[in-house]
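Down below is the structure, laid out as structure tokens.
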Amino acid sequence: MNGASKMMDFLEEPLPGVGTYEDFNTIDWVREKSRDRDRHREITSRSKESTWALIHSVSDAFSGWLLMLFIGLLAGSLAGLIDISAHWMTDLKEGVCLAGFWFNHEHCCWKSNTTFTDRDKCPEWMSWSQLIIGHGEGAFAYILNYFMYVIWALLFSLLAVLLVKGFAPYACGSGIPEVSENESVLSAAAAAGVSVAFGAPIGGVLFSLEEVSYYFPLKTLWRSFFAALVAAFTLRSINPFGNSRLVLFYVEFHMPWHLLELVPFILLGIFGGLWGAFFIRSNIAWCRRRKTTKLGKYPVLEVFVVTAITAILAFPNEYTRMSTSELISELFNDCGILDSSKLCEYVNDFNSTKGDDLPDRAAGPGVYTAMWQLALALIMKVFITIFTFGMKVPSGLFIPSMAVGAIAGRLLGVAMEQLAFYHHDWIIFSGWCSQGADCITPGLYAMVGAAACLGGVTRMTVSLVVIMFELTGGLEYIVPLMAAAMTSKWVADAIGREGIYDAHIRLNGYPFLEAKEEFSHKTLAMDVMRPRRNDPPLTVITQDSMTVEDIETIINETTYSGYPVVVSRESQRLVGFVLRRDLIISIENARKKQDGIVSTSVIYFTDHSPPLPPSSPSMLKLRSILDLSPFTVTDQTPMEIVVDIFRKLGLRQCLVTHNGKLLGIITKKDVLKHIAQLANQDPDSILFN
């Protein structure tokens, strides 16, 4: 018995890996919360034993907030690094700075003595043709710049796909359908990410609430807000764009909108909903083809081909050649006197200028050129985004979707502006838009279009409106944004109920229970549990009568993630539940570090060791890894309640009993299969392999 007592002392220490999860495994949130509470109670109870224990207790109380601080600092720092690097890498495709290759085009020309109108043509910045052949004019120079643009694009895509393939295979796509972390950490990280991506801390918290979390207690709300605040403050301190803004496309509009403009805003909402539904169906069809054909076996080749096609099509058009963030910034821009963009090349008549605002003016040749270039850019981005989202590179969907909507909105905004200029006496304009007045703001239409398309793809509503509101800093534009966001959601929902993230979750077979749909079928837990009629009996572990060899045999012959522990096979009285991973780690550690543990050693999960002959080998106590309070339901529990429990508590599995005896088990995948069967779908085709 001396060996047994030593074993008990050893198992009081936590074993590395016990209680953890492998990648792409469902997390049992109820178990995690219970373990966290137990750990906190133990630390608190020991706080009076010594000064060190008191310090440990205080540090534990503040550890959550400290973690949020680190998340915010890290998110803000990484966002600043990404913003600076992305700007530099985008410009590197077109040329290099002689004053220092690490400068992007804008930073390179800061100290140049060129005039304001020629600020992009400073001598310190040279295109690749100027650097290689000495001049930038002519057909050969154009072809050389074209070639270098494509080569750099392929090199950057190769870097991205190799990093994903070698270090983080689950980083491909946007990452939102794949995340699996601690729940409060996940919520805070999502909030911090959106905060620095759009300069919208409040919108980030609402995004986390609306899209990421199914359980959002007040503590998580406070911590997510704190992480988003720290992230925004950190990025603001770094100032990656040199304009004291958190994002490149921050805008400020000065003219109010008119009630009649709700009609084109709603039209943009309809376009956003149609685009969202079209994109989701097309992208899912392409991703399904990728998964079911040989195409999926060559992810690097796919990235190369799509990148080459994109670069070849993008270079001739200046609005597709520039980075998408720069494009959105230009489309959101409210034209001023000093703007040199083609979008601002109007026929100027400054005699009609009132105050600081420019009046609506006739479009010049540059505006008309920009319109057809934007139309071509819209067609390209509508179709190319279908193939890029879901490739084996980190490729989000927010910015591409916003770009599609911003282009459509700017086109409609300029059309409305010219209509108001040439036909200000029409009845729809006569009451509020007189000649020489600044009536229409095309940049506002671009912003509303961006919100509409992003809402159509993701089905975001509240968080989307707040994010766009924080981008503009104006309360008066909330109504147009709300109208466009709701219209796009209604139109998209009328065509298909799933947003892009829900669709990818279903395509990949992730065991996720959608909380937005009600379960209204009249079935019971006994109809869903396993084992079912004609199935082999449920695999269980007894509490004190099985050897190491017996349990290792069960582990090797089954693939279950855990096993119920019962008093005996005859009584089937439930004791608890033990995870497969915890069993494997504990037995391996005991074999390596404890003397006397052999295949015939008895494993017990009780407080006291069972009586055995003196000649028996040392026993192994594994009570510390046993979950003594697994969630249970009776066999007569309606599945409507069971589904609700799985959704709201985040269960991984629950056990089914009858009069205290174990009957079976229901896992989250069993619930998903049951829902698929009731929807006349193949239940074996929806789960992740």
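Positions of Cβ are set from backbone N, Cα and C atoms, glycine also.
Copied from TrEMBL, the annotated features are:
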type	residues	note
TRANSMEM	62-82	transmembrane segment
TRANSMEM	146-168	transmembrane segment
TRANSMEM	188-209	transmembrane segment
TRANSMEM	221-239	transmembrane segment
TRANSMEM	259-280	transmembrane segment
TRANSMEM	300-317	transmembrane segment
TRANSMEM	370-390	transmembrane segment
TRANSMEM	397-416	transmembrane segment
TRANSMEM	444-469	transmembrane segment
DOMAIN	529-593	domain 'CBS'
DOMAIN	619-685	domain 'CBS'
For the domain 'CBS' (619-685), residues assigned helix / strand / coil by DSSP: 28 helix, 20 strand, 19 coil
The transmembrane segment (300-317) in contact with the transmembrane segment (221-239), cutoff 8 A, at least 3 CB pairs, sep 6+: no
Reported mean pLDDT - the domain 'CBS' (619-685): 87
Listed stretch, out of 188-209, 221-239, 259-280, 370-390, that has the most CB pairs under 8 angstroms to the transmembrane segment (397-416): 370-390
Contact yes or no, the transmembrane segment (221-239) and the transmembrane segment (62-82), 3+ Cβ pairs under 8 Å, gap 6+: yes
Proximity of the transmembrane segment (62-82) to the transmembrane segment (370-390), 3+ C-beta pairs under 8 angstroms: no
Leading contact stretch, 146-168, 188-209, 370-390 vs the transmembrane segment (444-469) - CB distance under 8 Å: 188-209
